[in-house]
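What TrEMBL records for THR49, TYR115 is site 'Part of a proton relay during catalysis'. Look at TrEMBL and you will find THR50, ILE208 tagged as pyruvate binding site. Taken from TrEMBL, the feature active site, proton donor/acceptor applies to TYR140. What TrEMBL records for LYS168 is active site, schiff-base intermediate with substrate.
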Amino acid sequence: MIGRDELHGVLVPVVTPFLPSGELDLASYTRYVEKLAEHHINGLIINGTTGEAPTVRWDEVVQLTRATQQILKEKHRSIPVIIGTGTNDTLTTIQRTEQAAALGADAVLVVVPYYSKPSQEGIIEHFRRVTEVGVPVIAYEIPARTGVRLTMHTAKTIMEMEGVIGMKDSSDGLELVTELTRQDAGAVLCGDDLYYHAKLSQGASGGILASANLYTDIFIEVHDLVQKGRVMEGKRSFDRVVPLIRKLFQEPNPAPIKWVLANQGVIASDHLRLPMTRISQPLQKELAQLLTGIEAALN
Ligand SMILES: O=C(O)C1=N[C@H](C(=O)O)C[C@H](O)C1
């Protein structure tokens with residue numbers, strides 16, 4: 001299990017590869033995670049938004065976790081394994097968190113309960129109950145997806161809970177990270193890829209970034225430069241991937257990332273489970289051109 005001090009750097013939310021039939025593709029997953037584990041990343045997130053949590057069954061989460069642990073063991077890599085257990089039902093979230101603990105998760109990622117638009121007290125109580133399981137919790141604020149926004153008081157209250165080691169901040173702005181880090185409330189990880197450099201500059205200790213599935217070392221370099229106070233160099237480095245990030249979020253995540261990974265032969269297929277669909281032909285063309293340009297600039 002990990003603590004607040006270990007929540008920094010680049011944590012990669014993994015995709016869940018499927019065969020064209022829709023079945024889990026563990027062979028692709030193994031190839032893909034073996035490749036990711038070669039980078040100096042500080043965590044792998046299973047069953048996040050990028051992992052298509054809404055359509056992945058829990059027994060599949062178990063298979064993905066065991067496969068990940070096996071790969072890391074074989075490669076002698078001790079990268080924290082974090083499992084997304086958050087749902088919009090407190091009891092289900094507790095049960096999944098207990099199961100994640102039994103699986104040996106180093107921490108769990110718990111999204112603010114979505115869709116039902118609970119009160120701030122309800123959200124606080126949701127997190128309080130989940131922390132009672134005893135596995136470290138990373139709270140996940142993503143108002144554009146949940147339909148509810150944490151007040152600063154709620155965010156601070158959650159961060160102060162024993163058992164909460166940090167927050168993934170996917171809010172569309174700098175207010176949350178600025179205020180939480182100013183008040184030394186704990187580790188804040190950027191979860192909104194375009195804001196990565198800005199949030200690091202405002203005190204975030206790292207990021208959980210779908211786009212770090214590609215050019216992982218650039219995202220690591222940006223983090224390291226900002227941590228060393230070389231903020232403008234960090235920005236220049238980050239600028240190289242900004243056009244790519246824009247394209248990766250032009251259509252719903254993780255469809256564009258899956259297309260790139262399939263196109264590069266890392267995974268066998270860009271299949272997504274409905275209601276998610278593969279990216280449009282125009283975006284495929286734009287991404288292919290952009291990646292060729294980035295490769296040329298980097299070589
Ligand atoms: O899966 C994740 O974790 C992420 N999800 C966000 C989203 O899809 O909204 C984006 C972020 O890069 C990581």
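Heads up, the Cβ atoms here are built off N, Cα and C, so glycines get one too.
Take the Cα of the residue listed as 'active site, proton donor/acceptor' and measure to each of the recorded positions THR49, THR50, TYR115, LYS168, ILE208: the nearest one is LYS168. The Cβ of THR50 (pyruvate binding site) lies under 8 Å from the Cβ of PRO13, VAL14, VAL15, ALA210, ASN213, ASN253, PRO254, ILE257, each of these being in the same chain and 6 or more residues away along the sequence. Counting only same-chain residues at least 6 apart in sequence, those with a Cβ under 8 Å from the Cβ of TYR115 (site 'Part of a proton relay during catalysis') are ASN88, THR146, GLY147.
THR49 (site 'Part of a proton relay during catalysis') sits 12 Å from LYS168 (active site, schiff-base intermediate with substrate), taking the C-alpha atoms as the reference points. You'll find the Cα of LYS168 (active site, schiff-base intermediate with substrate) roughly 7 Å from the Cα of ILE208 (pyruvate binding site).
Same-chain residues at least 6 positions away in sequence with a Cβ under 8 Å from that of ILE208 (pyruvate binding site) are, in sequence order, LEU11, VAL12, PRO13, GLY43, ILE45, GLY48, LEU109, LYS168, LEU189, CYS190, GLY191. Using a 10 Å radius centred on the Cβ of LYS168 (active site, schiff-base intermediate with substrate) and all shown protein chains, the other Cβ atoms total 30.
Taking a Cβ cut-off of under 6 Å from any atom of ligand 1, none of the recorded positions TYR115, TYR140, LYS168 qualifies.
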